[in-house]
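Below: the structure, in C-alpha cells.
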C-alpha cells in the first residue's frame, strides 16, 4: 500500500511540475497571428494577448515589419543604449512568444548584471568585442570575450552581463523566447527596491552611509530628489 501511495505521489509531483512549467511559458497561439486593434481605452495592457485582433482583411505586410533596429537607441551617461522590441512597439509579435532587443555599448560601457525571469536570451554580437557571460545556480561563471559574428545563450532566469572591451562601439542583437520576458537589474533590484537598510548592511557588510550612497544611486525616487 505504501509503495502504491509513493508511486501516486511521484505521479502527482510530476504532473504538477509539467503544469507549472507550462503555465510559466507564453501560451501557444490558437491562430496564425493576432495583430491587435488600436487601443481605444487608456488602461489596456499593451502586452495582453487578450486584445481583439484585426480582421485578416485589415492586416497588411507592414504589420509584420519593424524598422526600429536600424539605428542605436539613446545612450545613457554610462555609454549604454537599448532598443527593446515587443508587441508594445511591434504589434506583429503579439501572441508569437518572442521579443528582441538591440544593445549598443560605447568602449568601456557595460550592460550590468541582470536576468529575465520569463525568457532565455540569445545574443548575437554584430560589431565589436564584448566580454559576455552568465552565472549558474552554483555560482559558476561562464564568460569569454566575444568577437563579431559570435552568439551566446543566457538560460532563462540566470544572471548575465556584458562589457565592451574593444575600441569601437559594440552592437548586440538579442532574441528572447517570450513576448514579455521581464528584466531585473541586480544593482537596482537590491539597492533601488526599498529593501530594509539594516538587512542590506548585514548582508553586504557595508556601513549605513555606504548603503545610503548606493540607494541614492539606484533608487529612482531618491535619485530624482538629488
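Think of each number as a place in line: the chain as shown, counted from 1.
Placement of Cβ uses the backbone N, Cα and C atoms for every residue, glycine included.
TrEMBL: automatically predicted annotations, no manual curation.
Per TrEMBL, these features apply:
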BINDING   111, 116, 121  oxalate binding site
BINDING   114, 116, 121, 160  Mn(2+) binding site
DOMAIN    67-212  domain 'Cupin type-1'
SIGNAL    1-24  signal peptide
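Everything TrEMBL records as a feature, shown here on the structure.
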residue: 111; record: oxalate binding site; contacts (Cβ under 8 Å, 6+ apart): 80, 103, 105, 161, 162, 163
residue: 114; record: Mn(2+) binding site; contacts (Cβ under 8 Å, 6+ apart): 159, 160, 161, 183, 184, 185, 186
residue: 116; record: oxalate binding site; contacts (Cβ under 8 Å, 6+ apart): 154, 156, 157, 176, 178, 181, 182, 183, 184
residue: 121; record: oxalate binding site; contacts (Cβ under 8 Å, 6+ apart): 153, 154, 160, 174, 175, 176, 181
Summary of DSSP states over the domain 'Cupin type-1' (67-212), given as helix, strand and coil counts: 22 helix, 59 strand, 65 coil
Segment-level pLDDT (mean, integer) for the domain 'Cupin type-1' (67-212): 96
Neighbour count (Cβ, 10 Å) for residue 160 (Mn(2+) binding site): 21
Listed in sequence order, residues not in 111, 116, 121 with Cβ within 8 Å of the centre of the oxalate site Cβ atoms: 101, 114, 115, 123, 154, 160, 174, 176, 181, 183
Cβ-centroid neighbours of Mn(2+) site 114, 116, 121, 160, 8 Å, sequence order: 115, 119, 134, 154, 158, 159, 181, 183
